[in-house]
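K.L.:
Look at TrEMBL and you will find A:473 tagged as active site, 4-aspartylphosphate intermediate. Under the heading ATP binding site, TrEMBL lists A:473, A:474, A:475, A:582, A:623, A:646, A:681, A:761, A:762, A:763, A:892, A:898, A:921, A:922. The compositional bias 'Low complexity' annotation in TrEMBL covers A:25-42. The annotation domain 'P-type ATPase N-terminal' is assigned in TrEMBL to A:87-153. Per TrEMBL, the feature transmembrane segment maps to A:128-146, A:152-170, A:347-369, A:404-425, A:980-1005, A:1011-1029, A:1057-1081, A:1093-1115, A:1122-1143, A:1155-1174.
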């Protein structure tokens, strides 16, 4: 904390000299620092907040170690009046008097009918390319500059705008419709002391609302009272964060007793301004002269559903667009693909090229005018003076300088398609096509959850082919997050003989009450020895087992629900709770005959081997990440008081009294080690009998703490610390979190493809490592470096050591490799959350500094900074170290740290990162990474909502990256280069012609052909190839994961390829232009005929060029390419039969001569020969992997078909269904 | 419909599994040619084999064209020389409507010229493709008398002083070429057929048969030839030829056809009315008599280009064949994959 506060104050001091944008963020901090102690509250953070917190708020703690108590005390200080919202209970008039709070109507639609056109256009013109084309279209409207027909110049842009506007309009219409439905839903609102139905949109802040069971909450409310006498309400937050289990919320005792219909409630709630943190709420309530503080457990949020509670009363505090659900609704920020970013760089080159062309034309034109300045007046084809008016005037001559300027502008208009507008549209279409195939891929369909692959972001498809780092969540992503009780160590004895039971052999434990059978919903495999022990009550062992299972059944927050089945005599008991581990434990207890039947806030009922026992729950110390344990104080039927504690081994052994039963403790520890090395999640269970005096002492302090106004949490924790001491160990449980199908194979393939896999998990180190082994993330060949420190200095030191070791290892292995040819030594880094806290904390300081110095610095510059300030270099060390490691395992990581790690690697390594996760805790990471993938699994939809792509299983990552990602990348890179080439060839042909028209930009090619060129003549083939062409088959790509490296190394799109393409373009344009020019030099050919020849020559050229690069010819490809050529002929003919155009009948004249066809044929071959030759020489002498693999495919196919009549292609099998 | 179908339908409705089709799984049957050395060599050789004969035949066709080109613009004015005075004299000569501009040129036919012999006039450095020039026309006006006043685009030759439209309007028509040629051999005149020198399509559809010239060349400055006001535009073939603006600054335009053969070494004399003013700027006028073949007039370029490309392809085929023999690389050898190469090297 010391270093932290130092840095904080240092930051404050610097504040005065900081640039404005920093100061802004620091002034925001004062309001948002309130949130910071909700350290688990990460799921709802938007990426904005995440980056904000990472970037400039040193008071954030990623971990929760230490310092919490101080912060708690300070956090309960007064909320500033100016920062607060005042809500007068049941007095909406007064509440809204001073300042009108948002009503409860929501508007997710962006536009209204009036604002649609201007706003939509405004948004569309955020694309710089569109502005460029708009400017050009406007320029073309000026009479002096009208190069093209006015209609022809506007058409393409208008078309694009129209299509996008229609799409946006339709989407918005759908949003409006759903808003309407939402707004007109009804709720019961207290009006004049009576509950009346009111539409949602009319509800106001300050009103009291009554919600019945299974109803959806209309706005964010503070709970006043519920049907439960203790003020508990259960809510389901599926719509909000996707978690399907029930959560408990509490009404304050002060309001619980009141009935607003009979007695008027009045009071004042002072709460923070609306924010999007769904796990945080900070307020206090003044009622009956008392002040009560309110926290996140007192508020129920819009979108949640009330469950298991027949009614609840709440007071509206945030409504409509200010509810946390709506504030979180803004969706993921749009990401831009790396290819597109690079493409923009080349677009700038093309713009420079364009300017150069225009400059050449205009300067030459100036020179021409200069040379002929004496002749201009009467020169037949210029005629500077207009004699038709009585007064002799200059006709359209604006002087030398202006003429040059106009020619420049005109040439920009003529050469405009140098910047390919059609490329943007083609890219959108191609991405839609690619997304279609990804969604429809039945190899990425998961039968168990019946879910397909989902593309949520449409503009980063090709990034999937360039991933270098994969950051994966563990629970629910690598594993199924279906917790299964595996074995237990009770009283120092290991019971792990459980056999998997088949359905009919044993039905599990069930309970008969009044002719009805109750049975737990989930079956658990049982150890027969333990089962028989659990039935003995009177042996020592039996009692021990008994206590153990009581602890499992009681020490939790699980709510049992009875579910009807189709058989009226059979009822299933469904255990609902926040933690899947607890669920598994309760199901296990039930299987051994300790069935939890009922839970209220005051007592629980456990059916023990057929006997109903009622235990009073006198107190419950909730789990917190600091203690890492929870405890419950039970008043047992035999009037004794017991405290049961369960928690993580690290903290449990601190509070277990080893002297009591040292052998058992030792044995338990051994078993724990055994379990966790198997990859099981372990919990230690302990208990203690409380003597009457101890109990009373606890009770009084507990009462005092739980009614305290200030620092309640800290006080409660202190009480918990006092009572959770000198426990006797009961045993330990082990829960298996099963690996998902295909995970080890998937991870191995990812590693083979040169992708660095990082697993970020909240599990403890041993568990993480064992999961690492079972998922083949770690192999025995790897050298493990473990960083596990408590302070910054030691952390730094161990990083340094690790780096040294790492360097030694790599040089060693270099040496050995040279000698023996052995494989490169792989290094795995295992680092824990605590160390990361220290590392990432410095990251914060550093980021502030970086922003302060310049906006960004390269790594080398950072290194130079770190010489001056050694404390800064620590995360650089982590980066250096981790970039040397093939595998990194981060354990005990808090959600925000996940995002921090991703940000670190993303910014430092400048490589593509992918984050995959399934839970609300992965949201920040998913949004931070270049590509975020959500697993639509157990934990609901929060991750999916934030993700760019969503799928059901981790293993689908392999086909997604290796097959679709690779294809997408190859297709998109080729398409961009091809589009550059395609437009540049055309522009250059226009340019060459301009040199022969005394630089006046007459075009031989008609206006309409210029416009249709990138719309009809050449558009379809590139889209078809961009969607359909496959450089390699799926089988090959999956067989050689290394082929993925082409994307990582950016082999298909880079600066070199761009320049090669431009050189090729130059040659092809020269061939296409000069062959007809020289063949027709000095002949009687007219402009339109020659223009038609050039048009057709260029179109055939670019289409054949494309055809040369197509790898797989489908009938669609054939249709598109040859169809485009045919369409061009048809269009040219159609243009030439319009008698009002100057080129009337030109095509038919010139196409009747043999010279025309000889030129066409000659151009095509002459232009493409260099490309062809370069291509074959590269393929033959410097083949890349893709080329070899393609040949391999071909060779193997022919070999197979020669060998036998084996069905070589699985698609000839009966169609799969 | 059988119940089985219904069941499978309901299943497919509930299941979100993508319907299998070769298209959606990207498994459409496809042809995937790769460039094997055999294919490459065959392609290159066949390009060579096709190109060289085409090149040779077009060269010989160009050889067979007999062409007489005579530049007369210098000879048909009284003064030559580049000084200002000479220039002024030339200009005043050509601009004066009253001077006699007849000029006789004697030419020798180098080889026998079979009919039809095309008579062209050739202008060099005359930008018929200049933007101001090509835009200055009104196709609507030429087509129909209805649009007589449609002269907006014709500036600066749209109307004469009292807003009477010029038909045909525009710079192109205004600058109509008006030199005339009369050819005779020693004894008898050689008739030049001036019918059907313009495109049939222009005569039938582009220029109206009921549009008659009006107010044409009535006002200074006069740019070129006058038109017979009693003939409709569609029959003014010289105008139609002129209005088909040339693609390039050096161009020929058809003047007429000689329907008789001219023998080798025959002396012909051409009577030229040298009316057209190319002297105010740096331009040249030439008379061209030429026969024609399938590649048009005399032009060696295409033949040479074809032979060059064909030759290069043959050369490359041989080069590739040699390298293939000397340093063969087996197709699809996994040892060439980069990761295999790396481990082999180390």
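Placement of Cβ uses the backbone N, Cα and C atoms for every residue, glycine included.
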K.L.:
Across the record's ATP-binding residues A:473, A:474, A:475, A:582, A:623, A:646, A:681, A:761, A:762, A:763, A:892, A:898, A:921, A:922, the largest CA-CA distance in angstrom?
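P.N.:
Among the residues the record ties to ATP, max Cα distance equals 27 Å.
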K.L.:
What's the number of neighbouring CB atoms sitting within 10 A of the CB on residue A:473 (active site, 4-aspartylphosphate intermediate)?
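P.N.:
Step by step: centre on the Cβ of residue A:473 (active site, 4-aspartylphosphate intermediate), count other Cβ atoms within 10 Å, giving 29.
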K.L.:
Cβ-Cβ under 8 Å from residue A:475 (ATP binding site), same chain, 6 or more residues apart: which ones?
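P.N.:
Looking at Cβ-Cβ distances below 8 Å from residue A:475 (ATP binding site), excluding near sequence neighbours, one finds A:481, A:737, A:761, A:762, A:763, A:918, A:919.
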K.L.:
Specify the nearest of the binding-site residues A:681, A:892, A:921 to the residue listed as 'active site, 4-aspartylphosphate intermediate', where nearness means the distance between Cα atoms.
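P.N.:
Closest candidate to the residue listed as 'active site, 4-aspartylphosphate intermediate', judged by Cα separation, is A:921.
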K.L.:
Hey, does DSSP put residue A:623 (ATP binding site) in a helix, a strand, or just coil?
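P.N.:
Its secondary structure by DSSP: coil.
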K.L.:
In the domain 'P-type ATPase N-terminal' (A:87-153), how many residues does DSSP assign to helix, to strand and to coil?
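P.N.:
So the counts come to 37 helix, 2 strand, 28 coil.
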K.L.:
What three-state class does DSSP give the residue listed as 'active site, 4-aspartylphosphate intermediate'?
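P.N.:
DSSP call for the residue listed as 'active site, 4-aspartylphosphate intermediate': strand.
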K.L.:
Could you check whether the transmembrane segment (A:347-369) packs against the transmembrane segment (A:980-1005) - three or more CB pairs closer than 8 Å, residues at least 6 apart in sequence?
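P.N.:
They do touch: at least three Cβ pairs between the two stretches lie under 8 Å.
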K.L.:
Excluding the flanking five residues on each side, which residues at least 6 beyond the ends of the transmembrane segment (A:1093-1115) place their CB within less than 8 Å of a CB in that stretch?
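P.N.:
Distant contacts of the transmembrane segment (A:1093-1115): 974, 978, 981-982, 985-986, 989, 993, 1004-1006, 1009, 1013, 1017-1018, 1021-1022, 1025, 1028-1031, 1068, 1072-1073, 1075-1076, 1121-1122, 1124-1125, 1128-1129, 1132, 1150, 1156, 1159-1160, 1163-1164, 1167-1168, 1171-1172, 1175, 1190.
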K.L.:
Please tell me whether the transmembrane segment (A:980-1005) and the transmembrane segment (A:1057-1081) touch - that is, whether there are at least 3 C-beta pairs under 8 Å between them, with each pair 6 or more apart in sequence.
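P.N.:
Contact confirmed: at least 3 Cβ pairs fall under 8 Å.
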K.L.:
For residue A:681 (ATP binding site), which residues in the same chain are close in space, meaning a Cβ under 8 Å from its Cβ, but six or more apart along the sequence?
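P.N.:
In sequence order, A:483, A:581, A:734, A:735, A:736, A:737, A:763, A:767 meet the Cβ cut-off.
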K.L.:
Are there residues at least 6 beyond the ends of the transmembrane segment (A:404-425) whose Cβ is under 8 Å from a Cβ of it, and what are they?
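P.N.:
Sequence-remote neighbours of the transmembrane segment (A:404-425) are 127, 129-130, 132-133, 136, 139-140, 144-145, 147-148, 153, 156-157, 160, 163, 347, 350-351, 353-354, 357-359, 361-363, 365-366, 369, 398, 975-976, 979-980, 982-984, 986-987, 990-991, 994, 999-1001, 1003, 1010, 1013-1015, 1019.
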K.L.:
Let me check the 10 A CB neighbour count of residue A:921 (ATP binding site). How many other CB atoms are there?
P.N.:
25
K.L.:
Among all the protein chains here, how many other CB atoms are within 10 A of the CB of residue A:762 (ATP binding site)?
P.N.:
21
K.L.:
Taking every protein chain in this structure into account, which of the binding-site residues A:623, A:892 has the most other Cβ atoms within 10 Å of its Cβ?
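P.N.:
Top count of Cβ atoms within 10 Å goes to A:892.
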K.L.:
For the domain 'P-type ATPase N-terminal' (A:87-153), report the average pLDDT of the model, please.
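P.N.:
That stretch averages a pLDDT of 78.
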K.L.:
Could you tell me which three-state DSSP class residue A:681 (ATP binding site) falls into?
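P.N.:
For residue A:681 (ATP binding site) - judged by DSSP and reduced to three states - the answer is strand.
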